[in-house]
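I have placed the structure first, in the form of structure tokens, so that the comments after it can refer back to it.
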Amino acid sequence: MSYTPLSTGIHADPTRRHWALVTAQSTYAFGVTDNGLLMHLYWGPRLVSLADLPPAELKPERSSQEPALAKATEEYPPFGGLRYGETAAKVTFADGTRELDLRFATAEITVRDDLPAILVTLQDAAYPLTVQLCYKVDGENDLVIRSATFTSEANETIRIERAFSAVWHLPRQYAPRTLTTLAGQWLGETRLQQRSLVAGTALIESRRGITGATANPWFAIESTSETATEIYFGALAWSGNWVIRATTDVTGATAVAGGIHEHDFSWLLQSGESFTTPEFVAGFAQDGLNGTRRRLHRYTREQVLPKPQALQPRPVLYNSWEATFFDVTEEGQRKLAERAARLGVELFVVDDGWFPARVNDHAGLGDWRPDPVKFPRGLKPLSEYVKSLDMQFGLWVEPEMVNADSDLYRAHPDWIYHFPTRPRSEARNQLVLNMARADVQAYLIEVLDKLVAENGIDFLKWDMNRPISEPGWSDEIERGGEAREIWVRHALGVYAVMDALRANHPDLIIESCSSGGSRADLGILRRTDQIWTSDNTNPEARLFIQEGFSLVFPARVMVAWVTDQGRGLLPVAYRCHVSMLGTLGIGGNLLHWNDEEMNEVADWITIYKEIRPLVQDGDQYWLLSPHATHGEVAAVEYVTTEESVVFAFRRADLFGEPLPRLRLLKLQPEASYRVEILGQNDSVSYQASGAELMGYGLSLPFKRGPFASCIVRLRKQ
Ligand code: GLA
């Protein structure tokens with residue numbers, strides 16, 4: 001006898017009260033115990049039958065110090081009873097009771113955001129509070145997307161003190177596990193970190209009010225044994241304070257819990273109100289970090305990024321920041337625009353410095369109108385000129401901020417986060433607007449709407465250059481509200497303003513920036529189209545930053561400029577090739593570039609436009625990591641069914657040794673490919689089978705010396 005495997009989607013066994021979320025290569029399952037606890041049952045390689053699942057039951061108490069509940073793998077463990085592991089939820093009821101007792105009530109299989117979904121409602125045993133767990137299933141990408149909604153049916157206020165998005169249980173196993181995370185700081189975001197998971201807790205977080213660069217809300221946990229190489233990975237879709245904790249016990253079980261950070265968090269749920277957590281997407285892969293990359297990229301392109309922009313190519317942009325800094329004038333920008341148009345740039349962006357009093361970073365933030373000194377005729381003539389050169393027009397803004405020296409702050413000193421009795425800490429001479437306030441949101445929507453509509457703006461670079469401090473909101477406390485909601489309400493306020501702006505201007509493109517890549521997450525990507533990866537535009541550093549960034553985000557989201565960093569030291573081609581790994585931009589002072597440089601960059605832009613569909617929407621595989629590979633070579637391949645393109649970089653050539661051949665991935669073995677290698681000043685082409693390119697590999701045509709690079713185009717014949 002053999003089984004008929006369960007199809008992709010959600011399956012129920014009503015008798016046993018078991019549910020299985022089946023994807024192309026994985027199964028995720030949970031069930032209900034006799035006394036109504038929702039237990040995690042399984043997550044791993046795809047199972048064929050619901051009968052494969054173990055019963056949902058509490059294991060007997062091992063000792064009085066290890067009660068059954070403490071070891072249970074509950075799907076959404078609340079604070080309450082004999083639980084001492086990760087808890088997902090904690091509340092205080094009006095009578096002072098500080099425990100939750102969540103029991104299974106209903107399960108409904110449905111569709112959410114065009115994906116199969118199951119909604120599991122848990123009901124507190126004594127109080128009128130429900131927590132509904134939502135699981136969406138991206139079957140093709142082996143992903144489960146979780147969130148939780150708290151609803152008060154009570155005629156009283158419930159204080160939520162922790163509301164995580166999910167707890168993910170990884171099975172107990174023999175093989176040790178390695179945790180990979182992304183850490184960084186300004187000028188050095190998304191750098192790979194790896195550590196062994198031993199008994200205890202590994203934690204990554206942000207307590208800055210934004211996603212932050214210290215860590216990115218993403219994890220991958222990998223293990224390799226004699227029988228399998230497996231990775232569990234996930235990413236939080238949230239742009240405020242967040243935490244992800246991976247807790248391992250001495251028996252080899254790991255639980256990953258995450259969501260809105262409980263640090264200084266509290267939310268008052270009034271009668272009839274609901275509170276929904278951000279989504280936490282996670283998956284299972286048996287094909288390495290490249291496999292996790294491919295799944296998250298496809299999911300982000302298909303499910304997260306706003307449409308129609310997600311279906312359109314991201315334009316090659318020019319940004320004036322590194323060329324002029326605050327020295328922005330209509331005449332200067334016109335000259336840069338003419339040079340940018342000559343290169344083949346499609347979108348011209350004026351960065352910081354265009355609004356009143358903005359001669360340095362001490363004044364002006366908040367007053368979002370053109371500086372009458374620098375732009376006596378307003379921005380419209382520049383915008384029209386840029387369009388006459390066949391480019392779109394973009395502008396930098398930092399809507400959440402004010403300088404104390406601004407008209408906005410002088411008019412509304414109460415609009416920023418502060419405690420009346422404390423000093424207001426400035427960072428980069430600026431203060432943060434209280435985005436929780438409805439009047440602040442309404443004001444920003446009005447001002448930005450007008451700016452976009454009146455000046456023909458196609459693109460906004462939305463910056464956020466400092467963390468939140470003094471998180472007070474005295475008006476709200478006077479109203480009997482909870483000021484500690486601001487950590488969540490700030491992000492929701494930003495989302496609301498962006499959503500309103502996009503609704504009014506459906507073709508607008510928004511780039512998320514926060515001193516570089518400090519606000520890079522799947523939450524902001526629901527309403528922005530791309531991310532400024534890092535203020536570090538040095539190609540050497542960028543390879544490392546971009547490798548890490550690409551573990552979470554697809555290439556179309558990763559903006560990379562060719563600037564004057566490395567100019568004269570690194571070959572023009574090398575600088576272009578590094579930036580061509582994502583959404584290509586130019587950011588140098590073009591008035592200083594000679595004809596030879598202009599022509600060479602223009603040629604690479606032409607090639608970029610040809611391969612753009614592959615780079616921006618193909619599957620991405622890092623063939624060689626820049627981290628200490630033999631020969632200092634890094635290589636990335638982008639693949640669709642008909643074509644491939646490979647970028648290879650040799651960062652140093654210390655020993656003049658011959659290099660191994662580079663073996664490619666995901667070609668069709670029997671197909672014949674036209675291989676065209678574009679070096680720094682030369683090109684070669686030949687014919688080869690997919691099998692040869694994947695098995696024997698291709699020879700990298702690097703000349704002696706550091707900073708060699710090439711692009712290899714492979715087209716199926
Ligand atoms: C931040 C951004 C930069 C630039 C400046 C302008 O640092 O990351 O790209 O826009 O602000 O002040």
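Don't overthink the numbers, they just go from 1 along the chain as shown.
Using the three backbone atoms N, Cα and C, a Cβ is placed for every residue, glycine included.
Annotated substrate binding in TrEMBL involves W186, D351, D352, R428, K461, W462, D463, M464, N465, C513 plus, out of the candidates D405, D407, D535, the residue D535.
Calculated from their C-alpha atoms, the gap between W186 (substrate binding site) and D463 (active site, nucleophile) amounts to 14 Å. Rounded to the nearest whole angstrom, the C-alpha distance between D352 (substrate binding site) and D535 (active site, proton donor) is 14. Cβ neighbours within 10 Å of N465 (substrate binding site), excluding its own Cβ and spanning all shown chains: 21. Each residue contributes its Cα atom, and for D535 (active site, proton donor) and N465 (substrate binding site) these two points are 12 Å apart. With the fewest other Cβ atoms inside 10 Å of its Cβ, the least crowded of the recorded positions D352, D463, D535 in this structure is D535.
Less than 8 angstroms from the CB of K461 (substrate binding site) sit N319, V349, D351, G394, L395, W396, V397, E511, C513, W532, each of them six or more residues away in the same chain. Under DSSP, K461 (substrate binding site) is assigned to a strand (E or B) in the three-state scheme. Restricting the average to the domain 'Glycosyl hydrolase family 36 N-terminal' (36-270) gives a pLDDT of 96. With DSSP classes pooled into helix, strand and coil, the tally for the domain 'Glycosyl hydrolase family 36 C-terminal' (634-714) is 6 helix, 37 strand, 38 coil.
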